[in-house]
Amino acid sequence: MKIGILTSGGDAPGMNAAIRAVVRTAIYHKIDVYGINRGYAGLLDKDISPLNVYSVADILQKGGTILRTSRSEFFPTEAGQKRAAEVLREYGIEHLIIIGGDGSLSGALALKKLGVSVVGIPGTIDNDFGASDFTIGFDTAVTTAIEAIGKIRDTTFSHNRINVVQVMGRTCGDIALYAGFSVGAEALIIPEIETNLEGICDRLLAGKDRGKLHSIVMLAEGCGSYRDYCKKIEELTQVTTKGTNLGYIQRGGSPSHFDRNLASFMGYKAVEAIVNDNTGNVVVQRKGEYIMVPLEEALETPKVFRKDMYKIAKILSI
């Protein structure tokens, strides 16, 4: 038996841990594993090479993905998907494991419809995959944000300022929510909640009246640019307001213990699913358990917003 594995879309800390788990579990079952470099683009280009136990030595703690990743313009087309299926057949790869976010797993579903045996693993720092409580890379991204915000708060305190910290998250504000909760941010601006900027500024000024001389405002990128918010907040509060976009620092770095464990369990489960003829699914974590969910169902599952967490964060931010 031959298994192929690729990482697609944005990289996420912990992807290497998943690759390692796939390779070592496959070797345990005496299955050959082939790494497909550069995601779906590499599959179309036949950038494929065998992986062994030495290929994944000392990668558990490394960020990024040793298989590298990319975004293909040709693969989303019908012709591109048919070509990808042909390449897999040409190499004798009977099963394909795809690590990535919504777009990557939508590609997996397209291949499934063409008769390819696939298993998905959710890997994205945004944590915007509704079928799983957590995705690979999210915990590390939040930890990275927390460390950076701690430094930002130091200088914000020194200058009695407001600082708007922009983090990743186009349609899902989980990084802003979880990081903001952990650093005691005075305000959260996230896609799930309609933004009342005047109300936020009133809260910031109320805090100032109580003696709070600096504030952190967490902003998910999907809500707009931190520069625009800095300008508006400064106009409404008359308090000097600076901004910071954490950007791609959130994607890098050694994965947290949580992401290493999450990715390792998911990689193991993906191979076990293949061994047990349970493909066409994605590995997800729900309430601490790892289960298989059909790709179709997983991709249609809406993301549940942590209203309870948002409410508590607001109470604690006075």
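One-based numbering along the chain as shown.
Including glycine, each Cβ sits where the backbone N, Cα and C put it.
Curation plays no part in TrEMBL annotations; they are all automatic predictions.
Annotated features, as they stand in TrEMBL:
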DOMAIN    2-274  domain 'Phosphofructokinase'
BINDING   Gly10, Arg71, Ser72, Gly101, Asp102, Gly103, Ser104  ATP binding site
BINDING   Arg20, Ala21, Val22, Val23, Arg24, Arg153, Gly184, Ala185, Glu186, Arg210, Lys212, Leu213, His214  ADP binding site
BINDING   Asp102  Mg(2+) binding site
BINDING   Thr124, Ile125, Asp126, Arg161, Met168, Gly169, Arg170, Glu221, Lys242, Tyr248, Ile249, Gln250, Arg251  substrate binding site
ACT_SITE  Asp126  active site, proton acceptor
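On the structure: features taken from TrEMBL.
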residue: Gly10; record: ATP binding site; DSSP (3 states): coil
residue: Arg24; record: ADP binding site; DSSP (3 states): helix
residue: Arg71; record: ATP binding site; DSSP (3 states): coil
residue: Gly101; record: ATP binding site; DSSP (3 states): coil
residue: Met168; record: substrate binding site; DSSP (3 states): coil
residue: Gly184; record: ADP binding site; DSSP (3 states): coil
residue: Lys242; record: substrate binding site; DSSP (3 states): strand
residue: Ile249; record: substrate binding site; DSSP (3 states): helix
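For Thr124 (substrate binding site), the spatially nearest entry among the binding-site residues Arg20, Gly101, Asp102 is Gly101, judged by CA separation. For the ADP site listed in the record, the two most distant Cα atoms among Arg20, Ala21, Val22, Val23, Arg24, Arg153, Gly184, Ala185, Glu186, Arg210, Lys212, Leu213, His214 lie 57 Å apart. When the binding-site residues Ser72, Ser104, Thr124 are compared by the number of other C-beta atoms lying within 10 angstroms of their own C-beta, Ser72 comes out lowest.
Checked against Gly10 (ATP binding site) by C-alpha proximity, the binding-site residues Val22, Arg170, Gly184, Arg251 yield Arg251 as the nearest.
Binding residues for substrate (Thr124, Ile125, Asp126, Arg161, Met168, Gly169, Arg170, Glu221, Lys242, Tyr248, Ile249, Gln250, Arg251) extend across at most 33 Å, taking the greatest CA-CA distance. Long-range neighbours of Arg20 (ADP binding site) (same chain, six or more residues apart, CB within less than 8 Å of its CB): Val56, Ile59, Leu60, Ser264, Gly267. Here the candidates are the binding-site residues Arg71, Asp126, Lys242. The one whose C-alpha lies nearest to that of Lys212 (ADP binding site) is Lys242. For His214 (ADP binding site) paired with Lys242 (substrate binding site), the C-alpha to C-alpha distance reads 11 Å. There are 22 other CB atoms within 10 A of the CB of Gly101 (ATP binding site), with all protein chains counted. Each of the binding-site residues Arg170, Lys242 was assessed for Cβ neighbours inside 10 Å, and the highest tally belongs to Lys242.
Over all protein chains present, the Cβ of Ile249 (substrate binding site) has 15 other Cβ atoms lying within 10 Å.
The number of other Cβ atoms within 10 Å of the Cβ belonging to Arg251 (substrate binding site), over all protein chains shown, comes to 19. With every protein chain in view, the residue among the binding-site residues Val22, Met168 whose Cβ has the most Cβ partners within 10 Å turns out to be Val22. Most Cβ neighbours within 10 Å among the binding-site residues Gly10, Gly103, Gly184: this distinction goes to Gly10.
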